[in-house]
Amino acid sequence: MSASRTNVNVAIVGTGNIGGELLNQIKGFNENASTNGTTSFNVVAISSMEGHYVSKDYQPINLSEWKNLTSQNQGAYSLDALVDFLAKSPLPAILVDNTASEAIAQSYPKFLSKKINIATPNKKAFSASNDVYQNIIKASKESGALLMHEASVGAGLPIISTLKELIATGDEIIKIEGIFSGTLSYIFNVWSPNGKKGTASFSDIVKIAKQNGYTEPDPRDDLNGMDVARKVTILSRIAGVHVESASSFPVKSLIPEPLKSAVNAEEFLAGLPNFDSEFASMREEAEKEGKVVRFVGEADVANKTTLVKLEKYDASHPFANLQSSDNIISFTTKRYHTRPLVVIGAGAGAAVTAAGVLGDMIKIMSQVRASDAPSA
């Protein structure tokens, strides 16, 4: 593959479900680019906890062989070495962070200050303490390096881009609310179904969700509400609401207090049936009102407040009519006031998340090409 001035060098950090899928999608993108004679991505470094491979002289790595190549060098490539490597790139560079690492997220200013662009689904950078967040944003603004994280909320759904476009076009954001967790979407859609009486116990549905791969290995990591809190923090900050951290506002936890100290997931799941009656009474109260129960995040931009809560919704409400593990986000604005703008779809999964990251990479590449284009 020949490298033109408008190609972009890419370093991939994290090769798990999302990272591995992204490498496959980049390979397909490059094959189409080669056929069409358009710009492609030169993947020049791949790093994970298992191993790494860094290309000599920035030559594109053969993406059909990346697993074999990274197995030659144990452990992750040093972040400082990666900053230095990308800073010396003869072509514009993108760091793609597919991890959930706080350490990598806190290193973003090092990359950005060297004019290394970043595309990532990592929520930690944008929901960390306000000081960490502001340092990242400041580094991007001062260097001009692009920073995109569409997939940090809603996987491949156009949530962040929609919010930014509403703001850029002069709309006034009043409220953002939604069902941000695919796991909790599934649990509540089954436990509190629309149009019929819920019969399954909360504990049984959590167990089924875990068996089907919807939850984290320890379901408490979903039920504590912090994943939703991080996503609401990200959107709140973009909308101009000061949020000190994802733990600085009210977050409803679905973990019964006595089970917070359970030593492992098995002990937690064994004890959860003891609290089914408490959850059932909540559901029965909603059903008497002709409503369903949903777990939602809310950024009340007009009043500068943020929270994560359980809420009851009428059967006709969009939040009451989701399928499976779908996400749904509603934007109430000055323009979209009577009927809020709604984004709905699959908000989890390696394929859609990787596609969201690739979409950001394509946007970065397009902007880099535009800045490199000769003036008329």
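A Cβ is built for glycine as well, from the same backbone N, Cα and C atoms used for every other residue.
Record check: Swiss-Prot places N17, I18, T99, K123, G213, E216 at the NADP(+) site, and the matching candidate among G347, G349 is G349. Checking S140, S201, S253 against Swiss-Prot for the annotation phosphoserine singles out S201. The recorded positions examined here are N17, T99, S201; by Cβ neighbour count within 10 Å, the least packed of them is N17. Checked against G213 (NADP(+) binding site) by C-alpha proximity, the recorded positions E150, L157, S201 yield S201 as the nearest. Cβ neighbour count for E150 (Na(+) binding site) (all protein chains, 10 Å cutoff from its Cβ): 25. For V153 (Na(+) binding site), the nearest neighbour among the recorded positions I18, K67, T99, S201, G349, judged by Cα separation, is G349.
L157 (Na(+) binding site) falls within neither a helix nor a strand when secondary structure is assigned with DSSP, and so counts as coil.
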